[in-house]
Amino acid sequence: MRSSPTILHLDMDAFFATVEQASKPSLRGKAVIVGGLGPRGVVATASYEARVFGVHSAMPMAQARRLAPNAAYLVPRFALYRSISEQVMGLLRDLSPLVEPLSLDEAFVDLEAGGTAWDERSARLAGAKLRADIRAVTGLTGSVGLAASKMLAKIASEQAKPDGLVLIEPGTERALLGPLPVRTLPGVGPATGDHLRRAGIHTVDELAEAGEDELVRLLGKAHGHALYAMALARDERPVVAERETKSVSVEDTYDVDIHDRVRVGAEVQRLADRCVRRLRGAGLSGRTIVLKVRRYDFSTLTRSETLRGPTDDPAVIREAAARLLESVDTTGGVRLLGVGVSGLADYTQEDLFAQAAGVREDALGEEPEAAPAEERQTATERRWPAGHDVRHAAYGHGWVQGSGLGRVTVRFETPGSEPGRVRTFRIDDPDLEPAEPLPLVARRPGASERAEAGGAGSAGP
Ligand code: DCP
Ligand code: MG
């Protein structure tokens, strides 16, 4: 392991919710909950003000509404979050060529490889400057962890939240990890945590004391071995820049269209197993399962499901593929079937043990935009989703605060304005139309140059 804390982990604070607060002045400092608002919707994220009520990611929306009835409930705007993510990733690429994004709002950066930092002092300065740049370019806050390994850098950013920076001095890692709950370590989710607790292991120190053989016995070879190393604060995983392979997939074309639904199901299972063999062969795991179906008339459909964490478990991938198939009409016959996995990682971040044990955490991890509940929303809610931008011919730019009973309520405000006023219209008011989001930060001369540098960096290969 390196001797300086030059691995940086960035994680934006309550990302989707903070973006919404930045774009809607009336919601700053308020409880904001973003997620699927249909009957089966789940919370994507909650602002820190809403977390006080116990609301958190992946919670059923109905439960969130009981806990925080007065919060603002908004439908996610993925395109906006993606564009802001690109700005942030662009700033990270200014620091080093070795940037490893983990999700839209989270990435590792190897500062040493970029020549940006080489010791504690330079690392701390780089982290502080990054946070200031992110705020200037996007108007948002992110938390930074700095350490000599990925695992510790990620733990540090968690401790820094919200809106902070924590640096773990090399040499202090084991003392710091020891008393923490086992759940702090990557790969230990609720199920593994329970399993260890039943064996009397609660803290990282107890994990280290249990010894490698015992952990292998409890958790299996790969997981036990990896966890023992983590418990000793040993983590040599390098920061890996853009991955070559974007997805692993297999498909088969059939000479004669398959009509039998049972046979279609069996083929999908077979393809899922083949896909897992490829995935494992490449030492990868992935987070998004994709099913491809070409029907007798050459119409081709793809359906995907995103799990909470990367997996290479055949049971999990088979199950996901089967679930996806349920939503596809195959009457008339099928010419081609394919199963793929994307969102690749070279290690398992989430709770593999739980996924293998059949705990349906994956169902909670579905992106709200893909939730079937969305489909059941009324036409009004689809046209005027809560939180989305609109423009009124007379009153200008605003956002949908709510809709129903033939009416839509709009709050007229913009990222740079004072909190605005609310007005209600008929849903078919010809003066009202959906609008694109406005930039969160006004483009002053200096700021715009900076923002463009970020954009250009992320547009690279
Ligand atoms: N997300 C989601 N569903 C989940 C978890 C997260 O849709 N089950 C989305 C919404 C989050 C974003 O991903 O805003 C980033 O996830 P994080 O886990 O980093 O959570 P936040 O950034 O919201 O909060 P924190 O400040 O704890 O990082
Ligand atoms: Mg975050």
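Glycine is no exception: its Cβ is also placed from the backbone N, Cα and C atoms.
Pulled from TrEMBL:
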DOMAIN    7-189  domain 'UmuC'
BINDING   D11, D105  Mg(2+) binding site
SITE      F16  site 'Substrate discrimination'
ACT_SITE  E106  active site
REGION    413-461  region 'Disordered'
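Overlay of TrEMBL feature records on the structure.
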| residue | record | Cβ within 10 Å |
| --- | --- | --- |
| D11 | Mg(2+) binding site | 20 |
| F16 | site 'Substrate discrimination' | 29 |
| D105 | Mg(2+) binding site | 23 |
| E106 | active site | 18 |
Rounded mean pLDDT for the residues that make up the domain 'UmuC' (7-189): 95
DSSP three-state assignment for D105 (Mg(2+) binding site): coil
Rounded Cα separation (Å) that holds between E106 (active site) and F16 (site 'Substrate discrimination'): 12
Among D11, F16, D105, the recorded positions whose C-beta sits under 6 Å from ligand 2: D11, D105
Cα-Cα distance linking F16 (site 'Substrate discrimination') and D105 (Mg(2+) binding site), given in Å to the nearest integer: 9
